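Structure, as structure tokens:
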Amino acid sequence: KVFSKCELAHKLKAQEMDGFGGYSLANWVCMAEYESNFNTRAFNGKNANGSSDYGLFQLNNKWWCKDNKRSSSNACNIMCSKLLDENIDDDISCAKRVVRDPKGMSAWKAWVKHCKDKDLSEYLASCNL
């Protein structure tokens, strides 16, 4: 599934992501835009360390999810394949787990590059939140 920006914003708001970990809803949506282009089936198998990223939030198989390709910390206790389906509830739960670590949203390089310290005040302006 490819979400629209506003569709994802409403879904994340309903899941109490606005303010979660101290990050505004706009930060979460911005991160998803630049990590996956809002696509739940996004997959990146080209990380320098040989790891792969899965789904809407590009969660990594070294730390967050388990696949059959490598050993994993599997901190979200989930199979990576579950992060590629249209149900994003488990992706959201895992993202909440990621942001509880000391790095917070800086775990997502695309967020650091495109969203961190940017003026996101107008980013969701058209979404009728």
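For all residues, glycine too, the Cβ spot is worked out from N, Cα and C.
A quick note: this is a predicted structure, and the numbers were derived from the prediction, not measured.
Features as listed in Swiss-Prot:
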type	residues	note
DOMAIN	1-129	domain 'C-type lysozyme'
DISULFID	Cys6-Cys127	disulfide bond
DISULFID	Cys30-Cys115	disulfide bond
ACT_SITE	Glu35	active site
ACT_SITE	Asp53	active site
DISULFID	Cys65-Cys80	disulfide bond
DISULFID	Cys76-Cys94	disulfide bond
BINDING	Lys82, Asp85, Asn87, Asp90, Asp91	Ca(2+) binding site
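Distribution of Swiss-Prot features across the structure.
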residue	record	Cβ within 10 Å
Cys6	disulfide bond	14
Cys30	disulfide bond	24
Glu35	active site	23
Asp53	active site	23
Cys76	disulfide bond	23
Asp85	Ca(2+) binding site	13
Asn87	Ca(2+) binding site	11
Asp90	Ca(2+) binding site	18
Cys94	disulfide bond	23
Cys115	disulfide bond	24
Check: What is the three-state DSSP composition of the domain 'C-type lysozyme' (1-129), stated as helix, strand and coil residue counts?
Finding: 54 helix, 10 strand, 65 coil
Next item on the list: Look at the disulfide-bonded residues Cys65, Cys80 and tell me which residue has the greatest number of other C-beta atoms within 10 angstroms of its C-beta.
Entry: Cys65
Check: C-alpha of Cys115 (disulfide bond) to C-alpha of Cys80 (disulfide bond): distance in Å?
Finding: 25
Checklist line | Mean predicted confidence [pLDDT] for the domain 'C-type lysozyme' (1-129) | finding: 97
